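Presented below is the structure to which this report refers.
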Amino acid sequence: MTAVHVERAHAKINLVLRILAREASGYHGIETLFQRLALHDVVHVQVNDGPSSLHCDGPAMPAAGLGDATSNLAWRAAAAYAHEADWLRSWQIDIEKHIPVGGGLGGGSADAAAVLRALDALAPRPLGLTRLLEIGGALGADVPFLVSGDSRAWAWGRGDRLLALPALPPMAVTLVTFASGVNTGSAYGAFAAWREAAQAPITAARLAPHALDSWDAIAGIAANDFERVVPAMHGGVATALPIVQHQAAVLRSQGRPAIGMMSGSGATCFLLRAGNVNGTLATSTDATLVSTMTF
Ligand SMILES: C[C@](O)(CO)[C@H](O)COP(=O)(O)OP(=O)(O)OC[C@H]1O[C@@H](n2ccc(N)nc2=O)[C@H](O)[C@@H]1O
Ligand SMILES: Nc1ncnc2c1ncn2[C@@H]1O[C@H](COP(=O)(O)OP(=O)(O)OP(=O)(O)O)[C@@H](O)[C@H]1O
């Protein structure tokens, strides 16, 4: 018998990203405001008695591929689910990639989250969302949010503590993506080195009661600690980030909420604003513009 389930794996951006102390595990605590995007991969999951397989294809597939199937985050999600549920012996996963790879948009994490949701939909005894959040948290900091299906959330810890937030009115997002990404571990390492050299303390922070309730309020607090180090690591970011920041400042000076920043550990930079997605942005030559909406 074959059972099939199809899930959309939505990308995310981080509208706030603060890097806290490095924990004994080697990972840093974070505080972040996640926002889901309409941009998504499509993940087909089958469960039958045949051998396990994973196939990735689609417009965002890098020419060099995504490496060995068993190290793909989607495969690792299925293996983790099988371990927890004690049900699954094999799986067949097909992923249509639309989310640029290595871009700070959480593409691999989104695929892993979609696999967890799909397997739970197919399982004779579903584990339920809380267990999926736990399994996801062990796979990566972005997976719990992307498993949750929430439009947006404030997250802390290693991304496994989530305050789900009601969706805000949709905004247009122009993503400035690059053929080469930024390695997440290198970006965390560079930030830790910068903080140590600058002897910069982890400062106290307080969110006002309505800080996350409107696009205007969020535009006032939007910030990403990685912007301090990633422009020096990636020429495309060094060029594109000031452009999106400037464009957002111009829109805000006209009384329109807008945010221009980098997502996650980069390299994707974005301009988020009201209106349609057809605006133009002059960026460096190797950048690609991707239009989407918040979702
Ligand atoms: C940048 C974000 O996308 C923001 O949402 C996430 O923090 C990414 O987190 P993630 O997917 O868990 O990151 P991974 O790609 O698994 O981590 C690669 C490496 O980055 C470092 N790392 C990662 C996450 C974290 N909170 N602290 C870290 O110091 C660790 O050295 C880790 O070995
Ligand atoms: N299903 C997957 N889709 C894309 N990349 C994957 C996948 N599984 C593993 N990877 C690997 O993960 C690395 C990061 O890719 P991904 O697109 O998830 O990065 P990212 O958007 O920067 O993630 P994050 O925002 O979590 O840092 C790539 O080197 C890629 O080879």
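Keep in mind that glycine also has a Cβ here, set from the backbone N, Cα and C atoms.
These come from TrEMBL:
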type	residues	note
ACT_SITE	Lys12	active site
DOMAIN	72-149	domain 'GHMP kinase N-terminal'
BINDING	Pro100, Val101, Gly102, Gly103, Gly104, Leu105, Gly106, Gly107, Gly108, Ser109, Ala110	ATP binding site
ACT_SITE	Asp142	active site
**OP:** Just name the most isolated of the recorded positions Lys12, Pro100, going by other Cβ atoms within 10 Å of its Cβ.
**Re:** Pro100
Subject >> Cα distance (Å, whole number) from Gly106 (ATP binding site) to Lys12 (active site) >> reply: 6
**OP:** May I ask which of the recorded positions Lys12, Pro100, Gly102, Gly104, Gly106, Ala110 have a CB within less than 6 Å of any atom of ligand 2, listed in sequence order?
**Re:** Gly102, Gly104, Gly106
Original post:
Which of these recorded positions (Lys12, Ala110, Asp142) have a C-beta closer than 6 Å to some atom of ligand 1?
Top reply: Asp142
Original post:
Could you tell me the C-alpha distance between Ala110 (ATP binding site) and Asp142 (active site) in angstrom, no decimals?
Top reply: 8
**OP:** Report the DSSP secondary-structure composition of the domain 'GHMP kinase N-terminal' (72-149) as helix, strand and coil residue counts.
**Re:** 46 helix, 5 strand, 27 coil
Original post:
Sorted by position, what residues of the same chain at least six away from Gly106 (ATP binding site) have a C-beta under 8 A from it?
Top reply: Ala11, Lys12, Ile99, Asp142, Leu146, Gly264
Subject >> Neighbour-count leader, CB within 10 A, binding-site residues: Gly102, Gly104 >> reply: Gly104
**OP:** Let me know the most crowded of the recorded positions, choosing from Ala110, Asp142 and counting other Cβ atoms within 10 Å.
**Re:** Ala110
Subject >> Chain-internal residues, separated by at least six, CB under 8 A from Gly108 (ATP binding site) >> reply: Asn72, Leu73, Ala74, Val101, Gly140
Original post:
What are the other residues, in sequence order, whose C-beta lies within 8 angstroms of the center of the C-beta atoms of Pro100, Val101, Gly102, Gly103, Gly104, Leu105, Gly106, Gly107, Gly108, Ser109, Ala110 at the ATP site?
Top reply: Ala11, Ile99, Gly181, Gly264
